[in-house]
Amino acid sequence: MSVTTNAVADAFAVFDVTPDPDELARKNKKPDDSGSVTVRQLYRYANWLDLILLAVGIFGSIGCGVLTPCQMLVMGDMVDTFNTNDLMKAFPNQEAMYDPKYYIPFNHEVTKTVADTINDLVLKMVCFAIGSGVGSFLMTFCFFVMSERQGIKIRMLYFRALLRQDAGWYDFHESGELTSRIASDVQQIQDGMSQKFGIIFQTTTSFIAGYAIGFAKDWDLTLVIMSMSPFIVLSMTLLAVFATKFTVLGEESLGNAGAIAEATIGNMRTVHSLGQEHEFCEMYNEKIRVVDRYNVLKGLTVGLGLGAVMFFIMGAFSLGSWYASVVLRGKGGKKNVTAGDVMIVFICVLIATQGLSIIAIPLNIFATAKASAYRIYQTIDRIPDIDCRSTAGECPTECNGNITLEDVQFRYPTRPTKQILGGLDLEIKKGQTVALVGASGCGKSTTIQLVQRNYDPVGGSVKLDGKDLRDLNIKWLRNQIGLVGQEPILFACTIRENIMLGARDGETPTEEEMIECAKMANAHEFISHLPEGYDTMVGEKGAALSGGQKQRIAIARALIRKPTILLLDEATSALDTQSEKIVQQALEKASQGRTTIVVAHRLTTVRNASRICVFHQGEIIEQGTHQELMDLKGTYYGLVKRQSMEEEVDQETVENDLKKIREQENKEAEEINQHKNTDTNEDPDIVQKLENEYNSEMKKLKHSNRFVLLRVILDNFRHEWFLSTFGFIGGIGGGAIFPFFTLKIVDLIMCLLSINSDTLTDDQKDTIKNICIIVVVIGVASFLSFFMYIGLFLSAGFKMIGRVRKDMYHSIMHQNISWFDRKENMVGSLTTRLASDPTTLQGISGERVGNVIHIISTIGFALGIAFYYDWKVSLAVMAVSPVLIVVVFINGKLNSLEACPAQAAYEKSGITLVEAVESVRTVQSLTREEHFYEVFKDALREPKIGIYKWAPLLSIFMCLTTLLTQVMNPYGFYIGTYLIKKKSNYDLPVPDFMIEFSDRFEEMQKAIMAVIFAAQAVGNLGNIVPDIGKAVRAAKNTYDVIDRKPTIDCYSEEGETFNDVKGEIEFKDICFRYPTRPDNSVLKGISFKVEQGKTVALVGASGCGKSTSVQLIERFYDPTHGDVLLDGHNIKDLNIHFLRSQIGMVGQEPVLFAESVMDNIRRGVPKGVEVSNEQIYAAAKMANAHDFISAMPEGYNTMVGDRGAQISGGQKQRIAIARALIRNPKVLLLDEATSALDSESEKIVQDALDKAAKGRTTIVIAHRLSTIQNADQICVIMRGRIAERGTHQELLDLKGFYYTLAMQQFGTVD
């Protein structure tokens, strides 16, 4: 089956030529500012195959819409067949009707003639039903295939457009908002293009055909009925305008909520450490409340609009009932109009107007799709000023690497009043290494970005080999550059793939070349010791690796490109001392023959630069070689002195010591491989236990959601009981309207059939009058019921979706960190599910519940009426119903099954989307936009193949649903006529026989009409079932998250708390494995104790377990063996919020949120604690951040941008330190807290941290040994074990591993 499906998919792919979006942007008229696109613009990406599918689908929809009222033509003929007035004209006189020799043959002949005529008409109706079934098949198949193809195509174009946008554009847009749109907006576009668009054509055509037939049969009667049309059109127009307005406003706020979700879910360690889960949930909830407010307004608008429409429709019928009697009395020479004609007019117009009630949902969905397309197409249409996809620009045959910055002036687009570079002049000749040093925020990294052409200068020019960068092809330019940034970005793939991503376009390095680059970056050794080697998955954002390991892989990725220009922005800041020395030598070697620009705070790494430029407030104030600047004794000299640099290292001695250390590590690694865990107290079955825990949890969740459909409905009623109760009443009442309305139509028809003169009898007048009054009452009831079951249920459904979205986000926010480490819970997957799954729940909530109640009520009342008037006919017709119900059920099941692989694929593509957009600058610097586009495209292959697998099945069962629904009508007439013929008393005189015949016809007609409405209701249920199937699947996914109880619950109120926390930390025989990597033991029996107020430093090579130890203290994870104690209390027994409120943490990669500087610092305040602005200023001063914050145009109210993109790395780090200090913690965890700071800031901040550490228990992870010399104890960790411990001097005297590290950093050691 899969082979055949793939073949069909590939065959269709031949025709899958997507129009170029740039060409379309030039040809198409841009969407206006109405917030919505036109229908033509909506289908702008349809190629000729899609247009054929659209045309055929519309043809099928029109066929369905036309054939349904056409069946009523046949029904009119059936009515006229029973016209007793015409039948009685066969008798010459009144006496003959009572003569047995006349009336007995006549009675037999009449029933035979009627039966034969009915049978012929039944055959015609069956043909119409078959035609409708074929039309339904074409509509379902074509719209399903076309909408899925368009959805996939728009997803790909939107993703490609996001990768294309320049850095300036991203400064104004949060990545979370952008990525959430692909899950919500694109899905809504796809829904609007699906079968629901076909239903609009079907109901519209049915409306037109119904009125057309009405005009053809009796134009003035139809015109009278249409007299209310202006009011109907006005109601529908106002409905559409306001519904679209509220949709646009709601979607904007939903995008803002998505941005919050992505920013927090992507940085859960920071959120948990700050204890800000509740605060972010409140922020998210506030955005969702705005969405709910607009959605409720939309729901009430739709309910009022449709209620008004139904009221005017019923008013039109009341007026028409009166005028029909006038027509049949022969007024105006219209005697040729029959009762059958009147019935045709009424039923056709009834079908036409009933379509208006059905069209509301698809119209609302279509309006939403157009509003969503407006936002998506705006992004797709945008051609950035710096276009990485542009083929324009010169591509020189060779690049020498001469870089010139001439009078460069620059301001960031988001801060146009803040001058970053003011007239910068800098010349770098081929092969030179130029170092940029200076305080954080002085313009060093900005210069790097200008050389990459992430931005263009606002004044002056940047040139390469004498050519302005703006005149060069952007892709060619970036292919000449290798970049290693301050915060290393890795992608969620293998180490091999991450390194290979650095290769130039069109080049595929060999395995040997890749390994050589890894060796140059000092990465090969640690990679080789990983269980999977180069095939090890690095996790989301490289979470499976330490900071230093990530940095080394990033360096290897840059080296494999063999760039002409090498840009190193703090390239070794995250490395341990041993790695830094080796990697620095590798970088210096790699720089030979290349133009290299180095941004560094560690001045030891730039001493050998050809030239060193000292930046200050966007200008170069000193430049020269190291020795020249030292002789100058200016700013650079002061920076060097602050770092306490001494004489050069004895290289030979260091290399010998490093060789010994490597031999020791390799020997230890061999012992570990031979005796895994035999020397620890860790449970030998721990690996199997970790796997069993995961499998057990998944099984438990699956079992708990078995009755998810009932749960959603009950949840809706429980929380929105007022709206749901009145909506339920409205649905029940609305279900009674059309069945009782059909009784009045039959009464009207029978009354009209009895008119045989120009004068109405008193009974006929009373009947007409009563019918008119009752229809008006039905109109009022329709207004109330439609408002209640559509408006109130729609509002309740929107509120439920908002509540589920909030509950889902709330649950995500309190999951333990190990849950986020799983592949299926990566940021892209979770944000995709958060955006799409609650929206899909509309299929089993809101107006869908109202529709189901309305349909069930209609079926119930209709069947009750049918059985009351003719149980035999009803029972015979109902024999078809079980088959119809089975078909409807299978149809829903198929839709649910079809949604599973598609949803999984969209989640997979969402992972690629989020990581590429979040790291778009890295993607663009690597010129790997097409690579990620292909990965994204490949992830969408499954739903693309699934289109051709599921479309035929779904279409067949939809065809059967339509066919069976419409066959019930002629089948009922056939059975009814048969029973009339069989039960007729032929011995009665003609008048009595005709009365009995007429009575039986009336009863049969009422029963059949009621059953027809019941069947149509089941058919309408068939249109809803596909959404129900998809919604059930989404509900299971949603409640999987909501129901999950984390092992470490940050919301839990359980656990001990105690006063007078001292801050004493103790590790007792700690063993640890990450749950997602149970085969890899990270910590192997570590024990140490940190007394109150003491400082313990953890040092060692990257990946040895230092940061893991800090995460255990924060209780991000629990150890697999041993205990972590706080003041003698096992932290597992402590309240988790209480524990974390005692800890202040500054991580290696600072995480800021898209809010003001003051709000970011305030994030450090524990829950329930109030701080003044003065306290915030004091914390900022301690972190040496107050001065640069105050210098910003808006001071502490300055927005830092998405993930702090608007400020430098050093500025981010200082704000993060201020955020930790304002907590006034008992325990201070500093994981490379000063790694991103310049020398001047580092000295001041280190003094501040030393001061802050007094009286506090402090655990420091640092590669710069100068920052930990005064620690009370230093623990040297090697491969998960403490190899050495002692004070700085004790470890130097030991002359072991620490001694070697010290020699590397300080040269000679006293």
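Cβ atoms here come from the backbone N, Cα and C positions, even for glycine.
What Swiss-Prot says about this one:
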type     : residues           : note
TRANSMEM : 48-68              : transmembrane segment
DOMAIN   : 55-368             : domain 'ABC transmembrane type-1 1'
TRANSMEM : 125-145            : transmembrane segment
TRANSMEM : 196-216            : transmembrane segment
TRANSMEM : 223-243            : transmembrane segment
TRANSMEM : 299-319            : transmembrane segment
CARBOHYD : ASN336             : N-linked glycosylation site
TRANSMEM : 342-362            : transmembrane segment
CARBOHYD : ASN402             : N-linked glycosylation site
DOMAIN   : 403-642            : domain 'ABC transporter 1'
BINDING  : 438-445, 1100-1107 : ATP binding site
CARBOHYD : ASN608             : N-linked glycosylation site
TRANSMEM : 721-741            : transmembrane segment
DOMAIN   : 722-1030           : domain 'ABC transmembrane type-1 2'
TRANSMEM : 773-793            : transmembrane segment
CARBOHYD : ASN816             : N-linked glycosylation site
TRANSMEM : 849-869            : transmembrane segment
TRANSMEM : 871-891            : transmembrane segment
TRANSMEM : 945-965            : transmembrane segment
DOMAIN   : 1065-1304          : domain 'ABC transporter 2'
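Its own atom aside, the Cβ of GLY438 (ATP binding site) has 26 Cβ atoms within 10 angstroms in the protein chains shown. Annotation: stretch 722-1030 has the most Cβ pairs under 8 Å to the domain 'ABC transmembrane type-1 1' (55-368), among 403-642, 722-1030, 1065-1304. The transmembrane segment (849-869) makes contact with the transmembrane segment (721-741), as judged by at least three Cβ pairs under 8 Å among residues 6 or more apart in sequence. For the recorded positions listed here (ASN402, SER440, ASN816, SER1102), the lowest count of other CB atoms within 10 A around the CB belongs to ASN402. Counting same-chain residues at least six beyond the ends of the transmembrane segment (721-741), those with a Cβ under 8 angstroms from any Cβ of the stretch are 314, 317, 350, 354, 775, 778, 781-782, 784-790, 792-793, 795-796, 799, 849-851, 853-862, 865, 1010, 1013-1014. Annotated pair SER1102 (ATP binding site) and ASN608 (N-linked glycosylation site), C-alpha to C-alpha distance, rounded: 25 Å.
Cα separation, ASN608 (N-linked glycosylation site) to CYS442 (ATP binding site), rounded: 22 Å.
Counting only same-chain residues six or more apart in sequence, the Cβ atoms lying under 8 angstroms from the Cβ of LYS444 (ATP binding site) belong to LEU436, VAL437, GLY438, ASP569, VAL599, PHE615, SER1208. When averaged over the domain 'ABC transporter 2' (1065-1304), pLDDT in the model lands at 85. For the pair LYS1106 (ATP binding site) and ASN402 (N-linked glycosylation site), the C-alpha distance works out to 42 angstrom.
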